[in-house]
């Protein structure tokens, strides 16, 4: 954390223990160590204190505020564009259901199935007929895919067991488990029915696994023109899967959309501003690169100070620096900003490629820009830490984080055990326990008190033993996680908050680093933090001493040069 609240000058009636310890073990002169102490204290100052200390303007703070604004604008713009793409795909999928699924009704996909052999042939025949008359029936700008001068054919594939004889009456069967696939091609606008194009086509219903009808259509999304974007060209691959389940063949429709760059396009009156959006993305990239450079430099400076402080304690005071004090020099907020800048730069480059229709990776770009923007807004908490009342909340989150992780690991083991048990026992009798994914979602909802009554009610009563087990299973899970585990989790946060609050009220330094810095009483506006007034004797002394012992001294050399 960059705020000086963590390293305030503590006013106590007795001298700091660090000073007493140094009177006996450290042989350096007071002025020699002041350079290191002041540089470390300056490192932990907030931007306003640094301005008073050395007159440096808070460029990183100003840059982060600007970056938050422009990145949010970029995300909103990309989100609206992506929303048009999603809407176009969903509406086309609904259009194809009405065009190619016989007697389809909105919202009826869960129960849409066929039960008679004649109905299966009738549905396939309806698909081929509708596909052949697509030009005359669709109100959209759909077109067949062409491979050169020839239209891409419709593919009709049947998957079935290679050989087999099944006699359910006397409970005997013989099956060759190898699956065989037969595919036939049907070219559009030449045939109007299944029997006309394939007079000897036959489905092996007893051995059949699925029948798949696949074809490719093209369309152009013109609604993006109104929003100063280039149109997209889409490839729609629609697949009808007929799975055989006890005489019920379920009909399903899926679309696999490939977005391609239109080969030849011309738009007048709207696309002049397309390249302004690209320039705005370039501005964001430059801003993020600048932020990345400044934050990386600050992280490097912190590591250099950490090494100098570690060498000082080890060689002059014969003390080992705790890991907690070492981690104080590694600013986690800067690491978060660096990660955010990296994701935003990559996402902005992909967005430029999408805007110019070189790439169509909407999902990857969305993940990068969304995660980058999320980290940027989380970084705003860092600046709220400059206020003392908000700072205690941030310190509580940071101090409680290790205990929270250990707690989650233990609770996660119990949670997984309930997931596996519920899946294998209750899966055949409850739709919310059919897969591990749905089991996890159901149990997580129970922890939060959601959907609790339907989970109990929807349990089937086919087996009294399993029904009784389900009651024990659900009651123990709810009682364990809601009344015990969640209460323990809240207790961890509450105890940490009380501890941090007591430390701030007592005003006593709690770490060796805080004790070391508490010796320095100089205020930011005292003028002693100016580079031309800082003493470098300590670094000269340390370097001379470490050169005699062949210790790497590049860190101390750098700090000594900065003190001149």
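Including glycine, each Cβ sits where the backbone N, Cα and C put it.
The stretch that TrEMBL tags with transmembrane segment, taken from the ranges 238-258, 301-321, 364-384, is 364-384. The stretch that TrEMBL tags with transmembrane segment, taken from the ranges 164-184, 185-205, 206-226, 332-352, is 332-352. The domain 'Mucolipin extracytosolic' (85-263) scores a mean pLDDT of 76 in the predicted structure. Residues 59-60, 63-64, 66-67, 70-71, 73-74, 77, 228-230, 337-338, 341-342, 344-345, 348-349, 351-352, 355-356 of the same chain lie 6 or more positions beyond the ends of the transmembrane segment (273-294) yet place their CB under 8 Å from a CB of it.
Non-local neighbours of the transmembrane segment (364-384) in the same chain are 1-2, 61, 64, 67-68, 71-72, 74-75, 78, 82, 333, 336-337, 339-344, 346-348, 350-351, 354, 390-391, 394; each lies 6+ residues outside the stretch with a CB under 8 Å from one of its CB atoms.
For the transmembrane segment (472-493), same-chain residues at least 6 beyond its ends with a Cβ under 8 Å from one of its own Cβ atoms are 396, 400, 403-404, 407, 411, 414-415, 418, 421-422, 425-426, 443, 446-447, 449, 452, 455-456.
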